[in-house]
Amino acid sequence: MVKYITKRLVLMILTIFIIASLTFFLMHAIPGSPFNEERGTNETVQANLEEHYHLDEPLLVQYFIYMKSVVTFDFGPSIKQPTETVNDLLGRGFPISAELGIISIVVAVISGIILGVFAALRHNGIIDYMAMAFAVLGISIPNFVLATLLIQKFAVDWDVLPAATWSSPMHMILPTIALATGPMAIIARLTRSSMIETLTQDYIKTAHAKGLKPWKIVIKHALKNALMPVVTIMGTLLAGVLTGTFVIEKIFAIPGMGKYFVESINQRDYPVIMGTTVFYSAFLIGMLFLVDIAYGLLDPRIKLHKEGGE
Amino acid sequence: MLPATEEKEQQTNPSDIPDDWFKPKQKDTSEAESVVRPSLSYWEDAWHRLRKNKMAMGGLVFLILLGFMAIFGPMLSPHTVGETTLSNQNKPPSSDHWFGTDKLGRDVFTRTWFGARISLFVGIMAALIDFFIGVAYGGIAGYKGGRTDSVMMRIIEILYGLPYLLVVILLLVVMGPSLATIIVALTVTGWVGMARIVRGQVLQLKNYEFVLASQSFGAKTKRIIQKNLLPNTMGPIIVQMTLTVPTAIFAEAFLSFLGLGIQSPYASWGVMANDSLGVILSGHWWRLFFPAFFISATMFAFNVLGDGLQDALDPKLRR
C-alpha cells in the first residue's frame with residue numbers, strides 16, 4: 001500500500017510538473033510580448049514592464065523563476081488588472097466554484113445512484129426504460145444548452161427561480177441542475193448495469209434464502225459491490241464537472257474561478273492563465289489520486305502493492 | 001421386422017445371424033445437407049442484432065439524414081453562411097428563411113447545416129485520428145509486453161492524468177482558434193482511451209493458439225498485429241470510435257461556446273448557441289432552438305448507436 005501510494009505520488013508530481021512546463025512553453029511560444037498592443041507605452045515603459053515581469057531574461061531563467069512561482073504558488077499580479085494578484089483572483093473565485101462543483105457532484109452522485117438502482121430493480125420495466133431514456137438524454141444535451149433552457153423556462157417564462165448570480169440557495173438551484181444532469185446520467189447508467197449484474201450473483205441468492213428483507217439486501221449487500229465502477233469513473237466525472245463550471249459560471253454570471261479563467265483566455269492575461277491552469281490541474285490530479293486510493297481501500301480484490309500489469 | 005421371437009432365443013451366437021437379415025439403411029442426403037439456421041459471419045450476425053434495436057437504428061437513420069443535409073443542406077437555400085442582410089434581423093421562420101434569421105440577418109437554416117458539416121467533420125476526424133494512433137500504440141504495447149509495455153503505459157498514465165479540456169484550451173490559446181487546431185488539440189490526449197482498449201484486448205488475444213501458429217510460420221510482428229490481432233479487436237474499437245464522435249462534437253461546441261472555436265463568418269452549433277444567449281429575453285427562440293436541438297439530437301443519435309453497437313458486437317451476447 002505504502003509503495004503504491006509513493007509510486008502514485010511520484011507520478012502525480014511528475015504530471016503536475018509536465019503540465020506546468022507545458023503551460024510555460026506554450027505561453028512563451030506565442031510571438032510578441034503581452035504589452036505590445038498596449039497603447040501609450042513608450043519604449044522605456046515597456047522595458048520597465050518587461051523587467052518587472054522578468055520578460056527580458058533568457059527563457060531558461062524565466063522558466064526557473066516560473067517554476068519557483070509554481071512551487072511557492074505565487075504567480076504575481078495579473079497583467080490586465082495589475083492591482084490584483086493571481087492569488088487574489090483564485091482566493092475569491094475558488095470557494096464559489098468549489099461550492100458549485102461540490103453541490104453538483106453530490107446531487108449527481110445521490111440522484112444518479114437512486115435512479116440507477118430503481119432502474120435495475122425494475123429491469124426491463126417501465127421505470128427502467130424511462131430512467132434510461134432520461135439518462136441518454138442527460139448525456140446528450142450539452143450543459144450550456146440545458147442551462148439556457150432552464151433559464152428560459154424557470155426564470156423567464158414561469159419566473160419562479162432567479163436566473164443569475166450565486167447569492168442564495170434559490171440562486172443555486174438552476175446552475176446545480178445544469179451542471180449535475182450530465183454526470184448524474186452517466187452514474188445512473190453505470191449503477192444500473194453493474195447492479196443488474198450484481199443481483200444475479202450467488203451471494204445475493206443466499207441472502208434471499210436467509211430471508212433478509214429485499215431492501216436490506218439491495219442496500220447492504222448489492223449496492224456496496226455495484227458501486228465499484230462508479231468509484232472508478234469519479235475522477236473523469238470530477239474533471240467534467242470542473243470544466244463544466246467554466247460555461248455554467250459564464251451563463252449564470254457566477255463570479256467563480258471559471259469566469260476568471262475564461263476572461264483571462266479572452267484577454268490573453270498570461271499570468272492568470274498560467275496560474276489558473278496549474279491550479280486546476282493540480283487540483284484535478286490530486287482528486288484523481290484520492291479517487292484511486294479510495295478505490296484501492298474499498299475493493300479488497302485489488303492488491304495495491306502489486307505491480308498493476310493486467 | 002425380426003423373424004419369429006422363439007427363433008431368436010436359440011440363435012444367440014452373433015455369427016449365426018444370416019447376412020440377409022441386414023439391410024442397408026437408405027442414406028437420406030437431402031436431410032443432412034439442409035441447414036437449420038443460416039450460418040452468419042460475425043459482422044452479419046452483429047448487423048442482424050443491430051437491426052432489431054429500434055433506438056440504434058433510429059440513431060443511424062438520423063445520422064445518415066444529417067450527413068446528407070450537411071452536404072446538400074446549404075445548397076438548398078438561396079442564402080450563404082456569411083451573408084448578412086441588416087434589414088432582415090431576427091426574423092422568425094418564414095418561407096424565405098426556413099429557420100429564421102439571426103441578429104445580423106444571416107439565414108439560420110444555412111448556418112445550421114453548415115454547423116452540421118463542422119460538427120460531423122470534427123467528430124469523424126477526431127475518431128479517425130484516435131483510431132490510427134490509439135490502435136498502433138495500444139497494439140504495440142500489448143503485443144510487445146514486458147519493458148516496452150510498462151514504459152508505454154507510464155506515458156499513457158501521465159497523459160491520462162492531464163485534464164483534457166484544459167490542455168485543449170491551452171493549445172487553442174497558443175495556436176489560435178481554427179478547425180485544424182481544434183482537431184489537433186482534441187486528439188493530443190484523445191487517443192489514450194483507444195490505446196488502452198486495444199492494449200487490453202491484444203494482451204488477452206496474443207496468448208491464443210492462432211497467434212502461436214502464425215508465429216511458428218515466421219510471421220513478423222506487424223503482420224501478426226494487423227492480420228491476427230486487430231480484426232479480433234474491431235468490435236470494441238468501433239464502439240469506442242462511435243462514442244468518441246459525440247465527445248468531440250461536444251468539445252467543439254463547448255469551445256466555440258467559450259469563444260475559442262470556429263470564428264465568424266463560419267458557423268458551428270456552439271458558435272450559434274453562444275451568439276444567441278441573449279435571445280432568452282428577446283424571445284427570438286429560433287436562433288437558439290435549431291443549433292441546440294441539432295447538437296443534442298446528434299449526440300443522442302451517436303450515443304444510442306454506440307450503445308446498440310456495443311450490444312451487437314459483443315461476442316458474449318451472440319446467440
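Glycine residues also receive a Cβ, built from the backbone N, Cα and C atoms like all the rest.
Annotation source TrEMBL lists domain 'ABC transmembrane type-1' at A:94-291.
Beyond the ends of the transmembrane segment (A:9-30), by six or more residues, the same chain brings 59, 62-63, 66-67, 70, 268, 270, 273-274, 277-278, 281-282, 285-286, 288-289 to within a C-beta distance below 8 angstroms of the stretch. Sequence annotations record features per position, and here TrEMBL assigns transmembrane segment to A:9-30 (among others).
Annotated transmembrane segment per TrEMBL: A:100-121 (among others), in sequence order.
Residues or ranges marked as transmembrane segment by TrEMBL: A:133-152 (among others).
The list of residues near the transmembrane segment (A:172-191) in space but at least 6 beyond its ends in sequence, with Cβ under 8 angstroms from a Cβ of it, reads 99-101, 103-105, 107-109, 111-113, 115-117, 119-120, 131-132, 134-139, 141, 143, 146-147, 150-151, 154-155, 161-163, 166, 226-227, 229-230, 233, 237, 240-241, 244-245, 248-249, 251-252, 254. Here TrEMBL flags A:172-191 (among others) as transmembrane segment.
Feature annotation from TrEMBL assigns transmembrane segment to A:226-248 (among others).
Positions annotated as transmembrane segment by TrEMBL: A:278-298 (among others).
Counting residues 6+ beyond its ends, the transmembrane segment (A:226-248) has Cβ neighbours under 8 Å at 97, 100-101, 104-105, 108-109, 112-113, 117, 120, 143-144, 147, 175, 178-179, 182-183, 186-187, 190-191, 194-195, 197-198, 254, 256-258, 261-262, 280, 283-284, 287-288, 291-292, 294-295, 298-299 in the same chain.
Cβ atoms under 8 Å from those of the transmembrane segment (A:100-121) belong to residues 127-128, 131-132, 134-135, 166, 172, 175-177, 179-193, 195-196, 199, 218, 223, 226-227, 230, 237-238, 241-242, 244-245, 248-249, 254, 256 of the same chain, restricted to positions at least 6 beyond its ends.
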